[in-house]
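> Structure in structure tokens, see below.
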Amino acid sequence: MCDDMVVDGSISVDEWCDCFTFADDLRHEPPCHKARHDVDPHLLGVFLPRCDLEGFYKPEQCHDGNCWCVDRYGREFDKSRVQNTLPDCGQYASDLTEEDVAYLKARI
């Protein structure tokens, strides 16, 4: 279950630390980290949200050809869902890096 940042069959140092950061304090685990830890990342078709370094949701989320914009708690913005393209979450103060764009395009 800890192999969830990059699902590659091995646990990186970052995944190890992230997995056990809230092991004794689940009530205060950030919402995106909690969502990632509540599912088995090795199951086909499972949605793994994109999280920021603090454990909150990144604005752009994509899964199975659909993309949408969310707030930091994972709540989807109305009419932000698009198909087979990246959403314009800039109106919600999003700063996509080139790495983010490449990662999201691979998930479309």
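Cβ atoms here come from the backbone N, Cα and C positions, even for glycine.
What TrEMBL shows for this protein is this:
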- Cys32-Cys51: disulfide bond (DISULFID)
- Cys69-Cys89: disulfide bond (DISULFID)
- 29-89: domain 'Thyroglobulin type-1' (DOMAIN)
> Looking only at the domain 'Thyroglobulin type-1' (29-89), what is the mean pLDDT?
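Mean per-residue confidence for the domain 'Thyroglobulin type-1' (29-89): 91 out of 100.
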> Among all the protein chains here, how many other CB atoms are within 10 A of the CB of Cys32 (disulfide bond)?
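So the number of other Cβ atoms within 10 Å of Cys32 (disulfide bond) is 23.
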> Do any residues at least six apart in sequence from Cys51 (disulfide bond), in the same chain, have a Cβ closer than 8 Å to its Cβ, and if so which, in order?
Pro30, Cys32, His33, Arg36, Tyr57, Lys58
> Count the Cβ atoms, other than its own, that fall within 10 Å of the Cβ of Cys89 (disulfide bond), considering every protein chain shown.
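I get 20 for this one.
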> Report, as a single number, how many Cβ atoms besides its own are within 10 Å of the Cβ of Cys69 (disulfide bond).
24
